[in-house]
Amino acid sequence: MRQLLPGDTVWRNIRLATMDPQQQALYGLVDNQALIVREGHICDIVPETQLPVSGDNIHDMQGRLVTPGLIDCHTHLVFAGNRAAEWEQRLNGASYQHISAQGGGINATVSATRACAEETLYLLARERMMRLASEGVTLLEIKSGYGLELATEEKLLRVAAKLAAENAIDISPTLLAAHATPAEYRDDPDGYITLVCETMIPQLWQKGLFDAVDLFCESVGFNVAQSERVLQTAKALGIPVKGHVEQLSLLGGAQLVSRYQGLSADHIEYLDEVGVAAMRDGGTVGVLLPGAFYFLRETQRPPVELLRRYQVPVAVASDFNPGTSPFCSLHLAMNMACVQFGLTPEEAWAGVTRHAARALGRQATHGQIRAGYRADFVVWDAEQPVEIVYEPGRNPLYQRVYRGKIS
């Protein structure tokens, strides 16, 4: 019989989907297991027969399914306002590019967000965060990018820090100052990139407000040369990088981000084989964002088969934002990734666990149920992981465990 230490907590009689690629079974499934949690981490995984049937801090899950906590590795959670009117315009035939050129798009949200009080932004973002937590999310990336000036970018990152301080969910904050050219720099995008590189990145990094730098390399964002200036600045300071690339056209953004060993290349609908090979060589994760593909009614799908062939890890995220993916649901994103992009349900699960952890640089501590990893996991009223992907309108979450505590 396995001896437990004072303070240990046990979840026994579980069906465990470890998402450990070293396990032979689909989803890393093993039955009749028990998790021993100690000081917020998984201490051990043992057959339940090795543990007492009952006792203090022993939770009998009656055969329920347990998976790693979900990870949403790409969100724009902190913003004010909405862009419902733009959606109507698109339904009537206007393109995303046309709306952006008319001062809509990202800059419309920038105006609303700049005018919004920090406390109001916090309350809006907190409600969104808790919606994701209710689906079993335990690690969440939050980008800035709706300030496009030093003061408001800092305000957004302070909101992310305040959310993290609640200890309800892990937050990975990302500086996305290179999201769009603000109205005041409309005729001088290079001048805005200078502001990003010489002021925003170094000052906000010095304050410890973000973990990585992101950018939007696209015809409605920044060109390759401008994007490279951002990457060079970040890497010179030792900051991890990532990028929104190849969403609406093929500019070579994935190759660029991969050349700087980017954590991830996101969207990638127009990615070509050269870009896929570069991602493999750079150790860059491909992040699929099916919500934006759906909402923009795009037709160019990411090259999933090429990503498989080159063994590029593929993550899936909600891309929750007011303009192109107003879906605050990672379950829905998983379903869309399967239906629209052809992922298998197991690939979708890998995309919101171990591959999503890699996209945030957290692969050594998050995204799998393994000894030594963080005790972030979810107990489901389900028999198979596929059920969560199959029926996104139903949430079978039974229990969410964060840092070893039921939350």
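Here, residue 1 is simply the first one shown, and the rest follow in order.
Cβ atoms are placed via backbone N, Cα and C, with glycine included.
Summarising the annotation, Swiss-Prot assigns Fe(3+) binding site to His74, His76, His244, Asp319 and lists sequence analysis as the type of evidence. Annotation comment: Swiss-Prot describes His74, His76, His244, Asp319 as Zn(2+) binding site, evidence class sequence analysis. Annotation source Swiss-Prot lists 4-imidazolone-5-propanoate binding site at Arg83, Tyr146, His179, Gln247, Thr324. For Tyr146, Asn321, Gly323, the entry in Swiss-Prot reads N-formimidoyl-L-glutamate binding site.
Projection of Swiss-Prot feature records onto the structure.
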residue : record                                  : Cβ neighbours (10 Å)
His74   : Fe(3+) binding site                     : 32
His76   : Fe(3+) binding site                     : 25
Arg83   : 4-imidazolone-5-propanoate binding site : 22
Tyr146  : 4-imidazolone-5-propanoate binding site : 31
His179  : 4-imidazolone-5-propanoate binding site : 26
His244  : Fe(3+) binding site                     : 31
Gln247  : 4-imidazolone-5-propanoate binding site : 28
Asp319  : Fe(3+) binding site                     : 27
Gly323  : N-formimidoyl-L-glutamate binding site  : 24
Thr324  : 4-imidazolone-5-propanoate binding site : 25
Going by C-alpha distance, which of the binding-site residues His74, His244, Asp319, Asn321 is nearest to Arg83 (4-imidazolone-5-propanoate binding site)?
Asn321
Measuring Cα to Cα across Tyr146, Asn321, Gly323, which the record gives as the N-formimidoyl-L-glutamate binders, how far apart are the two most distant ones in Å?
11
According to DSSP, which kind of secondary structure is His244 (Fe(3+) binding site) found in, if we only use helix, strand and coil?
strand
For Asn321 (N-formimidoyl-L-glutamate binding site), list the number of other Cβ atoms lying within 10 Å of its Cβ atom.
25
Distance [Cα-Cα, Å, rounded] between Thr324 (4-imidazolone-5-propanoate binding site) and His74 (Fe(3+) binding site):
13
Would you mind sorting out which of Tyr146, His179, Gln247 (the binding-site residues) have a C-alpha within 10 A of the one on His76 (Fe(3+) binding site)?
Tyr146
Note the Cβ centroid of His74, His76, His244, Asp319, the recorded Zn(2+) site, then list each other residue of that chain whose Cβ lies within 8 Å of it, in sequence.
Thr75, Lys143, Asp266, His267, Leu289, Ala292, Ala317, Phe320, Asn321, Ser325
May I ask for the distance between Tyr146 (4-imidazolone-5-propanoate binding site) and Gly323 (N-formimidoyl-L-glutamate binding site), taken between their Cα atoms and rounded to an integer number of Å?
11
Please give the 4-imidazolone-5-propanoate site's span as the largest CA-CA distance among Arg83, Tyr146, His179, Gln247, Thr324, to the nearest whole angstrom.
20
